[in-house]
Amino acid sequence: MTADPSLLVEDLAFAYPDGHQALFGVDLRVERGERVALLGPNGAGKTTLVLHLNGILTGGRGRVSVAGLPVQKRHLTEVRRRVGIVFQDPDDQLFMPTVGEDVAFGPRNLGLPEPEVAARVDEALRQVGMAGSADRPPHHLSFGQRRRVAVATVLSMHPEVLVLDEPSSNLDPAGRRELAEVLAGLPVTMLMVTHDLPYALQLCPRSVVLDGGVVVADGPTREVLADADLLAAHRLELPYGFDPRTVP
Amino acid sequence: MGAGHGGPLGSAYVARDSVVHRLPAHVSLVAVVGFALVVVATPVRTAWAPAYAGYAVLVLAAAALARVPAARLARGLVVEVPFVVFALLLPLVARGPRVEVLGLSLSEGGLVAAGGLLAKATLSVLAATVLAATTTPQDLVRGLQRLRLPAVLVQILSFMVRYADVVTGELRRMRVARESRGFRGRGPGALRVVAGTAGALFVRSYERGERVHLAMLARGGDGRLPTGPAVAVPARAWLTGLALPLAAGAVLAAGMLGA
């Protein structure tokens, strides 16, 4: 395997066509196998950054590369295989008639032979604890199950990096815990965009804080969350009574 | 869709295990269209009444085989109501020789035409109801795909099946939110609010469409919906499925020879 980091973002700046500038020179390096939380208030540029990782947004200043491969138009298929994004609303992500077909969507786009597609669907559904649900229509699943299937739709592409947009949002406490157990057991590099700071502490040893389109903090999650001044300056707040220093 | 799950589209499906349910969707589709074609091709004359009775026996036998409840069949016939209204008008407006029925002067030709129209519509709707009751919407779309319906149409149908629940769910939440703040859908003033809801729903659905497209691109989508390999259908399934239109065809042929 290469020594290239899973994700390398260098001096990335981007303005939307309407002139709104969302990123002002972001640098981020995520090593292979790391789990990193991307924190920041609404409007900080988190989603804009995420959409650059697989080349859905391009054309600004700076460079992005995934395991050494630059994100450019001619590499788009391979880049999108390497970067698996799980979007916030599973109903946006699950558009095929059945769970199995949805998990197969990515591998089939990669042109894999059918036996390989079937094996990957089985493997991905097992990884998220949804084995045996391949024939069910997505809208018959609970919200937590749909979120886990959404993760499987990306795992089936064997991504280098798993990018999760607000993975714990709208989940009930049990669904939130089940997803955490699934995510903690996955052997992939992970970038998790979240407002759920305890979740970040539970799952990600490292946190990066993005605000105003730049990285304003990058360090061990426990230290970042213990820095009350930093949190206050960037509209981040811990839940009532939560003390990151006393969590095991 | 499975048992116990309603939903705007799934409510037509009656979950059972029967010969008819086990038929591949495209075989069932061909069978129903074939049956409807035979029914439509049958001449409208009084002498043909036994043939129509034969068709009715066939389609009811298929329903019985699939164990579709009679109430479900009756509900299916509701879509026929506009035809019924039109058929009831025919004897009043058609010309030609008149007959007296209950003091009304009715056109003889109109009566026969109305009877034919009603019989054909009812038989075809019954067959379609059996199809809907024995095939899930997802399988129907897949069946159409196997019958080489253009890919764009298949995708539109497929998204409709997938998102019907999501969009009606949104509509329901918007209605609940409206009514929770004291809105009553009465009078012309309510129209403005309902139109606003429709507009908001359109914008939301449009935005969802954009997000779905984004999610597709992120997984290497290129506008096609790749599906798995088609499973070969054994000749026996075709024979079972085509028994309905073939038997109907035999009834029609017998009538032709007899006439």
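Cβ coordinates are placed from backbone N, Cα and C, and glycine is handled just like the others.
Curation plays no part in TrEMBL annotations; they are all automatic predictions.
What TrEMBL lists as transmembrane segment is B:23-41, B:47-66, B:73-94, B:114-135, B:237-257.
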Original post:
Where else in the chain does the transmembrane segment (B:73-94) make close Cβ contacts, counting only residues six or more beyond its ends and a cut-off under 8 Å?
Top reply: 12, 63, 104, 106-107, 109-111, 113-115, 117-118, 121-122, 125-126, 128-130, 132-133
Original post:
With the transmembrane segment (B:23-41) as the reference, which stretch in B:47-66, B:114-135, B:237-257 has the largest tally of C-beta pairs below 8 Å?
Top reply: B:237-257
Subject >> Long-range environment of the transmembrane segment (B:47-66) - Cβ separation under 8 angstroms, sequence gap at least 6 >> reply: 14, 16, 18-21, 35, 38-39, 73, 119, 123, 126-127, 129-130, 133-134, 244, 247-248, 251-252, 254-255, 259
Original post:
Restricting to the same chain and to residues at least six past its boundaries, which positions have a Cβ under 8 Å from a Cβ of the transmembrane segment (B:114-135)?
Top reply: 12-14, 16, 18, 20-21, 23, 25, 28-29, 32, 35-36, 39-40, 42, 44, 52, 55-56, 59-60, 62-63, 66, 68, 72-73, 75-77, 79-80, 83-84, 86-88, 90-91, 143, 244
